[in-house]
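Heads up, the thing below is written out as structure tokens.
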Amino acid sequence: MTTFGTIEQAMAEIVAGRPVVVVDDANRENEGDLIFAAELATPELVAFMVRYTSGYICAPLTEDECDRLDLPPMHHTNQDRRGTAYTVTVDAREGVSTGISAADRAHTIRLLADPRTGPADLARPGHVVPLRARQGGVLRRPGHTEAAIDLTRLAGLRPAGVLCELVNDDGTMMRVPDLERFCAEHSLVLITIADLVAYRRRTEKQVELVAEARMPTRHGVFRAFGYRSDYDSAEHVALVMGDLGDGRDVLVRVHSECLTGDVLGSLRCDCGPQLNAALDQVAREGRGVVLYVRGHEGRGIGLLHKLQAYQLQDTGRDTVDANLDLGLPADARDYGTGAQILYDLGVRSMRLLTNNPAKRAGLEGYGLTVAGRVELPVRPHPENVRYLRTKRDRMGHLLEFDEVIEAPMGRAVVGDGIGA
């Protein structure tokens, strides 16, 4: 059985200028990164990192620092599967030779962590890859980028880190057994992002319960809990039915806001029927949560961008390519705020009402246990069958439905509404 160190031990190592090894969830990258504080970078630390990792050394910085240092994204559309926010690469403008040596990269990294550094002090491109960490850290995105920022901040240092993925001698990624052996050999502390999430949950609160009220609906009587997040301007609502008790085995639907489908009854998607089906299932069971996450319109691209994507779909593009054509991600949602709200409500393990496996992985990374997936039935309509096929075939949604005749592009088809 793997023995992991504590977050307190990791912070002590970071302050002492030593690296730690951080492993993420097995359902995410399932990789271990060597991480240390950027302001304490030395040629020896960088050389050690180069020797035992892929060598693609990155320097996580906060969003504010990336903006201050004029570090734009490496590409206008982030197509990285995990949403890692690479910026343009840099070298120190002065004090380096080619920029690639351990001493040169250590100098550049220290410069990135120095509050006196300005945009003109950096040359672009270079040999160090800054990463833009999500505001809110691992509570918003449980990635190594955010872990590096959280560890340095919690250790009382500048919130700027250095990281790279550990690899075996044959070039394959180190997994937990390999990481254990590596840490034992080099006397390094091994921690998990899940433990860092749990530590921050114990010591910080990122969401605020603003209001609670009785909410009678045509599905039954719920309690409505209104939340606001420190790192999210949107307001979110959780509809809770019954006593959640110990928070185990709770039926949960995390529903992304969709004005067109949920409110206007649009037939272009299946969002409205999914919301109604989830409320019905929770009401039948008499215990559960339907969490309505604001700010997720159009899988996170916003209402007007979604309408622009619809324009492209009317010319033949599918829902994925339409987003990409606009320079936007196929799916820009994160579930960090939603996970914090569920945790604040007392949910610890859940049966998740979803057809989207990525949603399960997105929630499990925040310390919540998904005990099982409950399928939401799908009834296709001529107006949304192409959308459903794309979700199934290109986005990995687990959908089974009877085929129907697709509506002509850009023309409305009169029909009965979509059922649940």
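Cβ atoms are placed via backbone N, Cα and C, with glycine included.
Annotated region 'DHBP synthase' per Swiss-Prot: 1-202, in sequence order. As annotated by Swiss-Prot, Mg(2+) 2 binding site applies to E29, H144, with the evidence given as sequence analysis. Feature annotation from Swiss-Prot assigns Mg(2+) 1 binding site to E29. The region 'GTP cyclohydrolase II' annotation in Swiss-Prot covers 203-420. Annotation source Swiss-Prot lists GTP binding site at R253, V254, H255, S256, E257, Q274, E297, G298, R299, T319, T354, K359. Residues annotated as Zn(2+) binding site in Swiss-Prot, with sequence analysis given as evidence: C258, C269, C271. Summarising the annotation, Swiss-Prot assigns active site, nucleophile to R333 and lists sequence analysis as the type of evidence.
Per-residue confidence over the region 'DHBP synthase' (1-202) averages out at a pLDDT of 93.
Shown are the binding-site residues H144, R253, R299; of these, the residue with the fewest other Cβ atoms within 10 Å is R299. The Zn(2+) site is defined by C258, C269, C271, and by the 8 Å test on Cβ atoms against their centroid, the other residues of the chain that qualify are S256, T260, G261, D262, S266, R268, D270, G272, Q274. Across the structure, T354 (GTP binding site) and H144 (Mg(2+) 2 binding site) are spaced 27 Å apart at their Cα atoms.
In sequence order, C271, Q274, L275, A278, V290, L291, Y292, V293 make up the list of same-chain residues 6 or more apart from H255 (GTP binding site) whose Cβ falls under 8 Å from its Cβ. Counting only the Cα atoms, the space from R253 (GTP binding site) to R333 (active site, nucleophile) is about 15 angstrom. E297 (GTP binding site) has C258 as its nearest neighbour among the recorded positions H144, C258, C269, R333, going by CA to CA distance. For R333 (active site, nucleophile), the same-chain residues that are 6 or more apart in sequence and have a Cβ closer than 8 Å to its Cβ are S256, V293, H296, R299, G300, G362. C258 (Zn(2+) binding site) sits 31 Å from H144 (Mg(2+) 2 binding site), taking the CA atoms of both as reference points. The number of other Cβ atoms within 10 Å of the Cβ belonging to C258 (Zn(2+) binding site), over all protein chains shown, comes to 24.
Counting every protein chain shown, the Cβ of C269 (Zn(2+) binding site) has 23 other Cβ atoms within 10 Å. Across R253, V254, H255, S256, E257, Q274, E297, G298, R299, T319, T354, K359, which the record gives as binding GTP, the greatest C-alpha separation is 23 Å. DSSP classifies C271 (Zn(2+) binding site) as helix under the three-state reduction.
Here the Cβ of E257 (GTP binding site) has 22 other Cβ atoms within 10 Å, regardless of which shown protein chain they belong to.
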